[in-house]
Every structure is written in C-alpha cells, then in structure tokens.
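Asker: Take a look at the following structure, please.
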Amino acid sequence: MSKINLLLLCGGGSAEHDISLLSANYFETSLAKSEQFNVLRVVLDKFGQYQTAAGDDCELTNNREIRFRDESKAPWPVDYVIPCIHGYPGETGDIQSYFNLIQLPYFGCESEASSNCFNKITAKMWFSALGIPNTPYIFLNQYDDEAIAQTQAALEKWGSIFVKAASQGSSVGCYKVDEASKVLGVLKDAFGYAPYVIVEKTIKARELEVAVYEYQGEVIATLPGEIICDSNTFYTFDEKYAKSSKARTDVVAQNVPTDISDQIRAYAIKAFKGMKLRHLSRIDFFLTADNEILLNEINTFPGSTPISMFPKMLQNHGHDFTQYLSLVINSQLAAK
C-alpha cells in the first residue's frame, strides 16, 4: 500500500501564528508514529508566502501539489492536508474554501462551519437557534457615539462586561471592563481587531471545556475539563501561553454533578451536530455557582500545544491521537 502524501500546513496570518507552529509540532510527532504518511511541513507566513521546514520557498497549486521556487525540485503531489492554523485563514474558513475549490481533502471542519463558529456574533445566533443557553450580549457594527452609549448602558445594566472583537481567537482583542471611563479606549481597541464587536455580560463561573470529535462514525464528547485561574483573573492570550501563567488545567473537572456533566456533554454534541462541525472541536462552557450552564464558544481547530486541553481530554477518554488521525484520514480518502 502506497503512503499518503500529507501536507501539514501551519502558521497563518493571525496573532496565533506562533501557537499554530507549536500545535503543528504535536501533529508532526503524532503522524510520525504511523508508517502510513509522508509528511511535508509547510509554514504559511503572515504575508501569504509558503516555505518548507527546510527553508524552500513553495506554493500550493490548484493541481493539488507543492511546487517549489527552485524548479530543479520536482513538484510534490498532495493527497491530504491538515490545516493546523489557529485564527486566520484556518479557523475562519478561508483556507478550507480554497481546498474545496481545488478538490483537496482536508482535516477539520468545513468552510461554512468554521466561519460560523469563528465569528462570535454568528455563533451566538446559532447557539440561540439551537436552544443552547449562552451569555447575554449585544453586538456593534461600528465605533460611533451610539456604540459607546450602548456599551455604557450594558455596563450599567450588568455591572461588568467583556468587549470582544467578533472575529478573533484565543482571547485576542478581548477586554474586561468594570469602569465606564475605560469604555471608549477598549471599544476603539476592539474595533482595531475586527469590523464587528460583541459586548457580553461578565459571568462569574467556572470555565469548563469539552473535546468533541468524530471517532469511527460516532460523535464523542469527553468529560468536561476545567481552566482554573486566580480569582478575578481573565484567561487572556498571555495567561494561556506565557511561561509565567498562573492558570492551571484539570483534564477532568472536579466536583461537577453527574447530571450537570451529562447536560454539558449533551449541549456540546447538539452544537457539534447542529452547526455541522466535522472531525474535531473544543466546546467551552461557563458553569455558575447555581449550576447554570452557558455555552461560551466553539474552537473548530483547538490548540495542541503542550498545555492544550483537546489532546489531553481525547487521550483521557481512551483514544490514541495517532490512531484517531489515521482513522479520520483513511475514512475520508476511502469515501472519495
């Protein structure tokens, strides 16, 4: 049986470029444990240029091959691609649209599902349409006096708010606001990251995460894990990835009643199926002191860094990541 030429595409143009490279390390290590794959790792830089790990400039053509700038090197045909890209253009659905156009099979959610989840406003509309509770919010489409007034009114009503760029990941362009004097500056900063902004009520709650993925034709939802931060600390981009981070994680959240855990997992599967996700996701929830469950967000290509929850939760559920990848890839290619 011939090996599968697998393109591991990583990097991208977002603030999460470097995190994507760390996740790609995990994928590369996992794929190396299987003899099925010839893996070519290619980095997509912030300017849309492709380069191999060996430093060769190249491009992915519509003939489904990697063509090198050095024409003495033969083109490398691509059978399958893993777009290990957090943020733009991976989780936004843009790169998937190109793969669809050139009929190149790929790992992960399809373009529309990715786009729907990445935009926080669209995602919340979907959550509500599916009957899944989520945090109270308003959304804004431009930085003007009306937006400032709406945000100040939300702060007065809710006491504390989060102002978030609607189309960013990993808490990029996301700010906690407790004082009216901070509204103008925070709104301006958030609109600097995206043309749409969402304002959410601050929820004092535990932050629980569920790995949801397809395995042998079944949608699996793991037991919820938990992100634990210091009191009143927001789990920012830096708090997630800085070496000095005081946040810690539990692969299985402690002291969550069984019925609450079951309901969280049921909501996670409902969101996965209802929004037509594919292969993998990490779905994040809030759990309040009185056991109110609120869906926070969906990550359609969750991180796989040494501190990331998705691979840990999958493994804790009894599944091997290499075998999981092999099953997904072989099943998809067999269905072509």
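Just so it is clear, glycine is given a Cβ too, placed from its N, Cα and C backbone atoms.
Checked Swiss-Prot, it gives:
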type	residues	note
BINDING	154-209	ATP binding site
BINDING	D284, E297	Mg(2+) 1 binding site
BINDING	E297, N299	Mg(2+) 2 binding site
DOMAIN	124-330	domain 'ATP-grasp'
Asker: Please name which of the binding-site residues listed here, D284, E297, N299, is nearest in space to Y175 (ATP binding site), Cα against Cα.
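Answerer: Of all the candidates listed, E297 is nearest in space.
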Asker: Give the residue from the binding-site residues Q168, N299 that has the most other Cβ atoms within 10 Å of its Cβ, counting over every protein chain displayed.
Answerer: Q168
Asker: Work out the three-state DSSP category of K182 (ATP binding site).
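Answerer: Assignment for K182 (ATP binding site) reads helix.
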Asker: In whole Å, note down how far the CA of A154 (ATP binding site) lies from the CA of D284 (Mg(2+) 1 binding site).
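Answerer: About 23 Å separates the two Cα atoms.
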Asker: Taking just the CA atoms, what is the gap between Q168 (ATP binding site) and E297 (Mg(2+) 1 binding site) in Å?
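Answerer: So the Cα of E297 (Mg(2+) 1 binding site) lies 12 Å away from that of Q168 (ATP binding site).
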Asker: Across all chains shown, how many C-beta atoms besides its own are within 10 angstroms of the C-beta of E297 (Mg(2+) 1 binding site)?
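Answerer: E297 (Mg(2+) 1 binding site): 20 neighbouring Cβ atoms within 10 Å.
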Asker: Under 8 Å Cβ to Cβ from I161 (ATP binding site), same chain, six or more residues apart: give me those in sequence order, or none if nothing qualifies.
Answerer: T151, A154, L155, K176, V177, V199, E200, K201, T202
